[in-house]
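One structure below.
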Amino acid sequence: MMMADYQMQQDDPPVADRDAAIPDTVLDAVRTLITWAGDDPTREGLLDTPGRVARAYKEYFRGYGEDPREHLLRTFREVGGYDEIVLLRDIPFHSHCEHHMAPIIGKVHIAYLPTDRVVGLSKLARVALGFARRLQVQERLTAEIADAIQEVLNPRGVAVVVEASHACMSARGVMTTGATMTTSRMMGVFREDERSRKEVLALMGAGSR
């Protein structure tokens, strides 16, 4: 195991090569933040930190490089006449709040009531993650996921529930470790019909696990 780890490290490209595509302004900005925080960006342990932070941010925010709606374009009509609720529950996600750029960590539950076509379940997860990998507020994230599904699939109903903890509250400010925020967006029959709404929320089991 140790030999494998060592070999992997040996095969990694040099730091200078990995940082070559990162603008100097980005690297300098990270160094400025390190200095402002009270540390020395030139000390050994922090020399590679600007590049690491830049690459991490590129990964965190790769949702800006895609249109999540495109994942919904391939649909299937051969579903044996199925016309009941389709639900994908407990989709884990990581995002960052646009106010403090602090992590938002949680899960998304997505349900829709199809008309004559459905999408692969993985596509629902990709839609959620595409919107999550941006600077966000939870309310907008919830709405964007639901609106995309409604716009592309035009189902009879869409229900999205997001449950998440926010580091901007747990690691700073009021320091409310363990607090969870829940947001929902109901569209179509899930908004208009109370019985349908109760059914989908019961299937989701949001907040009960």
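Just so you know, glycine gets a Cβ as well, placed from its N, Cα and C.
What TrEMBL lists as domain 'GTP cyclohydrolase I' is 28-204. Feature annotation from TrEMBL assigns Zn(2+) binding site to C97, H100, C168.
Same-chain residues that are not part of C97, H100, C168 yet have a Cβ within 8 Å of the Cβ center of the Zn(2+) site turn out to be H96, E98, H99, M101, A102, I104, H166, A167, M169, R172. When Cβ atoms from all protein chains are considered, those within 10 Å of C168 (Zn(2+) binding site) total 16, not counting its own. Note on H100 (Zn(2+) binding site): other Cβ atoms within 10 Å of its Cβ, all shown chains, come to 14.
When averaged over the domain 'GTP cyclohydrolase I' (28-204), pLDDT in the model lands at 95. A sphere of 10 angstroms centred on the C-beta of C97 (Zn(2+) binding site) encloses 18 other C-beta atoms.
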